[in-house]
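TrEMBL lists 130-264, 344-487 with the feature domain 'SLC41A/MgtE integral membrane'. The feature region 'Disordered' is assigned by TrEMBL to 1-36, 51-83. Annotation comment: TrEMBL describes 93-113, 171-195, 201-232, 244-264, 276-296, 308-328, 400-418, 430-450, 470-495 as transmembrane segment.
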Amino acid sequence: MTSKLEQKETPQANGAVLPGDCLASPEPSEFPDGPGVEVVVLESRANAKGLREEDALLENGSQSNESDDTSTDRGPEPASPLKETSFSIGLQVLFPFLLAGFGTVAAGMVLDIVQHWDVFKYVTEVFILVPALLGLKGNLEMTLASRLSTAANIGQMDTPKELWKMITGNMALIQVQATVVGFLASIAAVVFGWIPDGHFSLAHAVLLCASSVATAFIASLVLGMIMIGVIIGSRKMGINPDNVATPIAASLGDLITLALLSGISWGLYKELESKAYVNPLVCAFFISLLPIWVIIAKRNSATREVLYSGWEPVIIAMAISSVGGLILDRTVSDPNFAGMAVFTPVINGVGGNLVAVQASRISTYLHMSGVPGDSPATAPRRCPSPCSTFFSSDVNSRSARVLFLLVVPGHLVFLYTIHSMQGGHTTLTLIFIVFYMTAALLQVLILLYIADWMVHWMWGRHLDPDNFSIPYLTALGDLIGTGLLALSFHVLWLIGDRDSDVGD
């Protein structure tokens, strides 16, 4: 009798059953006290957790009880936990998206100013660090936001004990990752700067190491605390954290990271002549803290696995972003393309923000059906067709369309803001806007398609997309965005768009 009951209840264990169904007690004559009753109680709790996720993702109570009652007749396939409309998705994403965009605009304005500082002039490898460290922010903070959003949505942060456990473990984890990857980013910047020129300076190498490690550590500490507050606040307000956490992480992340990098590198550069020992001491201090963070993250079961297996995506993503930084260094160093500096954080940030939202949403959707690798029906290994990614009736396809449609109006607002603040060295002519928008649309189109394939592919390979997909996607966003923007500026210069003042 117990095995029959288990077979009957298993297809409904992911939140597809309504409270009235899952809490109904069996007849005493059919199911006497024993193991059978215990199975009903366990399944009821699983369904209740699924319903908490569904309730958190519904922005209003538009679904009637009548429609919910029919959910039990859908067969073994679990009901989709994401029932948001296109309007509700756009409404929830719009404000964080604009906030993130204005953060990238501010970062672009900062880069446009600091590119004329002595440290950027004489240690040009700092430009290589810019996409690498901004990408690191995306790799760590957006992954943290996606991981905590999923944990909050599936009920793993409901009690104070669970919440504190998630906070301490994840904060220690990102400090370990930030320190190590910041150190590796400085090495990549030294190598990428040395190979083309054939010139190596030990003092500049130590400066890059100290600046990169200190920036990564402090930025991750500040942004990690902000992310935790955003996710907790979103849950209390009934907003899906997947829609707001990653853009808010990016909105402050670009500006804070770039400001820290500029200020720290400038201060350490000033100390090179009189106090050369300061740079090695800064490196040694932050690296010496590594064992503490490793011990804390290792003792926490929620982050122990990521501590061991989460290095490959962030390191490879850092290398990809560094290639984008090399493109930025070679382009901005040319006086003809100095105006590109103000637009690079904007196009990279917007693309990374949008694809991070999509990846986080797909990951949460898959987590509602089970654990990675256990739901092959929802995780196809083949590359999806563009039609299924953008034009199907699936909720993830609907969100992809909404995110793609935000690109043009969002960038128009950001371009006008840059223009009104007299940023950069480029006048907004029609041909410049056409080339810029083409690059931005192509970047986001490619990223959303890759996200649809990559998240499902990782799920089918027993990898948690929350930990593995976003680093790759944001790094690809940096590389694609920087490359397309540099190509646009080169084409504009070649065709002689003198009205846009490109090259002045």
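In case you wondered, yes, glycine gets a Cβ from its N, Cα and C as well.
Keep in mind that TrEMBL annotations are predicted by a computer and have not been checked by a curator.
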**Prompt:** Quick one: do the transmembrane segment (93-113) and the transmembrane segment (400-418) have at least 3 Cβ pairs under 8 Å, skipping pairs fewer than 6 apart in sequence?
**Reply:** yes
**Complete:** Near the transmembrane segment (308-328) in space but 6 or more residues beyond its ends, with Cβ under 8 Å, are 127-132, 134-136, 139-140, 143, 173, 177, 180-181, 184-185, 188-189, 192, 340-341, 344, 348, 467-469, 471-472, 474-476, 478-479, 481-483, 486
**Message:** Treating G and I as helix alongside H, and B as strand alongside E, what does DSSP give for the domain 'SLC41A/MgtE integral membrane' (130-264) in helix, strand and coil?
**Reply:** 122 helix, 0 strand, 13 coil
**Item:** Secondary structure tally of the domain 'SLC41A/MgtE integral membrane' (344-487) (DSSP, helix then strand then coil)
**Value:** 111 helix, 0 strand, 33 coil
